Structure formats: structure tokens, C-alpha cells
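Novice: Please find one structure pasted underneath; my questions will follow.
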């Protein structure tokens, strides 16, 4: 009698997955394209913030706003609108038309990219739905992300409007953090759905590994929220030393909680805002490192490789954050720190989704080599 050894469940030679349906490859490529576009949105949005360009367009015109000023008269009208803003009167008085155009193009480009993302989402979505290429779970997930994307556009305008109020020279930090976190949540949702459409089945990781893997994207999203508060309040410019904060490892309570009511300290007290972002970064790194050790012991192979990848990225992101702080947030470092946070979130989300496992199809239908970001972690993911 000849014995055969079953292939490991986390290898590419596993049985086809239940998600291996017609059009799977096209749907997956589309989801990853959307993820790339969202990262580009975050990058352009970060540059718009860091260059102080976010308040240069004072109206929200979802359709007609796609057309920029086309002649000198159009530019004069837009410039006059900007000169009525508090930001111009308080910070940018005397800026010339050429300087205004630089600000305008950043904000216009950010909004244009948002419209492009909407088109790239809804047109293929309608086609895939009509062709029957979207399973029920995937369809519901995409509908949810579509609604969240529409809400994100509204959040973006509410954020801009907050910066146009009397006495304001920038958008409200709380609204900026919400805008950034919502974009990050959309990105995580796209990557989660894409990773679940792999062609081949995958056995779930042990339950303890799954639990911590699922926790990591949540922690990263919280840290992105805290980073949004730092960015919106410019708290990163307050203490530019590390590991101390101008000689203090932990600032005294009277510095951290001097606002009334108490809850306002978590948004308006710049010392506490920066301290929270630092402290939570340490927590994320410690959890990622501990999880990598856990995965190596309990799930050697692909899951362990992914966990070590998450740990390495979180360490690199913390190092980049420290450099950004010490250099007093130059544009390149602040932008790199924001975009690299998206890389950490993508890797953590892929790891969490694949740790859940991908069920096998009831009957094999032929397999294709998976594509997508999860393949970057190495064979067997």
C-alpha cells in the first residue's frame, strides 16, 4: 500500500478556495488597484496638509468642481474667495497669485483623485455585479465600502469647512483625524476583501494567533487616529526630542491635563496629544513583536513569516516617526511617515485576513496562481 502525504494547507498547492469563481482574478486586481489609489489619496492629502493648501478651495462642488480655473478671470475669482478666508488674513496676507496657484493645485488634485477613485470603484462594481462575479459576502462588503467612500467625501468637506470658520487658520484636528482614519478604514476593507479572494484554500492559523493577528489592524487604526490628531494640531512641533520630551520621560499631570472639561485634553492639549501618540506606538510595536514570537512558536511557516513582516514594518515606522520628530517634521519625513503607516496597515490587514483562513470549494474547479499584496510576504501565504 502506497502512502501519500497531504500538502500543507497553507501552500499554493492546496485545493481551490470557495472564492475561486469566474472573474475572481479581475475582481482581485480591481480591489488592489483601488487600494493603491487610496494610498495615493492619502499621500496627496498629506502633501496638501503639509503645504498648507487644504483651505485654498472654499467651495464644495462635487460635479462642476472637476474643472479648474481656465483663464485669468477664473483665477481672479478663486483668489478673491481665498482672500476672504481667515487663513489668508491671518497667515498668508500678501501671497501672490502664483503662490495661490500652488496651494490650489494641491487641493484640486486631491479632490480630483477622490473623484477618480469613485469612478474606478462604481463602474467596475456595476459590471462585476451584472456579470455575477461577486459572491454575497463580497457584494455586501463592497456596498459597505461604497457607502463609507461617499461618507468620506462629506467628511472631507466638513473638515475643510471647519477651517473656514472665523479665527481658524487650519482645519479642526478632530475632523482631520476622522478624515484620515476613515480613509485608512476604507483601505483596510479593500485589502481584507482582496486577500479573501485568493484562488486557493488556506487553513486557519491557531486560535491564539488569529486573535492577536485580528487585533493588530485595530491597534494600527487607533494609532493612525492618534497620528491624525498630532498632524491636525501640529503637536509634533512641540517636543522634538526622544526618548524624552524636553527632558521629561513622562510630563507631569498638570501639563497633560490642564484643560477643562477634562475630555478636551485628548484633543486640545498638545503635550498629551503627542504623548499619547508616542505611548501607543510603543504598545503597537510590543504587541507586534510578541505576536511574531507567538506565531513562530505556534504557526511556523507562512503565518510566522507574515507576523515577522508586520513586526518589522512597525519597528521601521516607529523609527521613521522618531526621525520625523527630531527633524521637526520636514515635508518629506512627515509625508513618508503618513504613507508608511498605510503600508503597516496593509500588511497587518493581510495577515489578519489570511490567519482566519480561506475555505475550500465544495468541488475543485482548477487553480490559478494567486496575485495580490499577500503574495509579497512569500510563497505559502
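Glycine is no exception: its Cβ is also placed from the backbone N, Cα and C atoms.
Straight from Swiss-Prot, here's the annotation block:
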BINDING   277, 337  heme binding site
TRANSMEM  25-45  transmembrane segment
TRANSMEM  112-132  transmembrane segment
TRANSMEM  138-158  transmembrane segment
TRANSMEM  176-196  transmembrane segment
TRANSMEM  212-232  transmembrane segment
TRANSMEM  279-299  transmembrane segment
TRANSMEM  307-327  transmembrane segment
TRANSMEM  329-349  transmembrane segment
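Just tell me what is around each of these and how deep it sits.
Specialist: Reduced to three states, the DSSP call for residue 337 (heme binding site) is helix. Around the Cβ of residue 337 (heme binding site), the number of neighbouring Cβ atoms within 10 Å comes to 22.
Residues of the same chain lying 6 or more positions beyond the ends of the transmembrane segment (112-132) and with a Cβ under 8 Å from any Cβ of it are 22-23, 26-27, 30, 33-34, 37-38, 40-41, 44, 62, 66, 139, 142, 145-146, 149, 153, 156.
Listed by sequence, the residues of this chain that lie at least six past the ends of the transmembrane segment (138-158) yet keep a Cβ under 8 A from its Cβ atoms are 19, 27, 60, 62, 111, 114, 117-118, 121-122, 125, 129, 175, 178-179, 182-183, 185-186, 189-190, 192-193, 196-197.
Note on the transmembrane segment (176-196): residues 19, 28, 31-32, 34-35, 38-39, 41-42, 45, 49, 138, 141-142, 144-145, 148-149, 151-152, 155-156, 159, 217, 221, 224-229, 231-232, 338, 341-342, 345-346, 349-350, 352-354, 358, 372-374 of its chain, located 6 or more positions outside it, place their CB under 8 angstroms from a CB of the stretch.
Long-range contacts of the transmembrane segment (329-349) within the same chain, counting only residues at least 6 positions beyond its ends with a Cβ under 8 Å from a Cβ of the stretch, are 35, 38-39, 42-43, 46-47, 50-51, 180, 184, 187-188, 191-192, 195, 213, 216-217, 220-221, 223-224, 227, 231, 236-237, 306, 309-310, 313-314, 316-317, 320-321, 323, 373, 377.
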Novice: Which sequence positions outside the transmembrane segment (307-327), separated from its termini by at least 6 residues, show Cβ-Cβ distances below 8 Å to it?
Specialist: 209, 213, 216, 220, 236, 239-242, 281-282, 284-285, 288-289, 291-292, 294-296, 299, 333-334, 336-337, 340-341, 343-344, 347-348, 351, 377
Novice: Grab the same-chain neighbours of the transmembrane segment (25-45) for me: Cβ-Cβ under 8 Å, and only residues 6 or more beyond its ends, written as numbers and ranges.
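Specialist: Here the qualifying positions are 106, 109-110, 113-114, 116-117, 120-121, 124, 128, 133-134, 138, 179-180, 183-184, 186-187, 190-191, 193-194, 197-199, 335, 338-339, 342, 346, 368, 371-373.
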Novice: Output, ordered by sequence, the same-chain residues six or more apart from residue 277 (heme binding site) with a CB under 8 Å from its CB, or 'none'.
Specialist: 223, 226, 227, 229, 230, 235
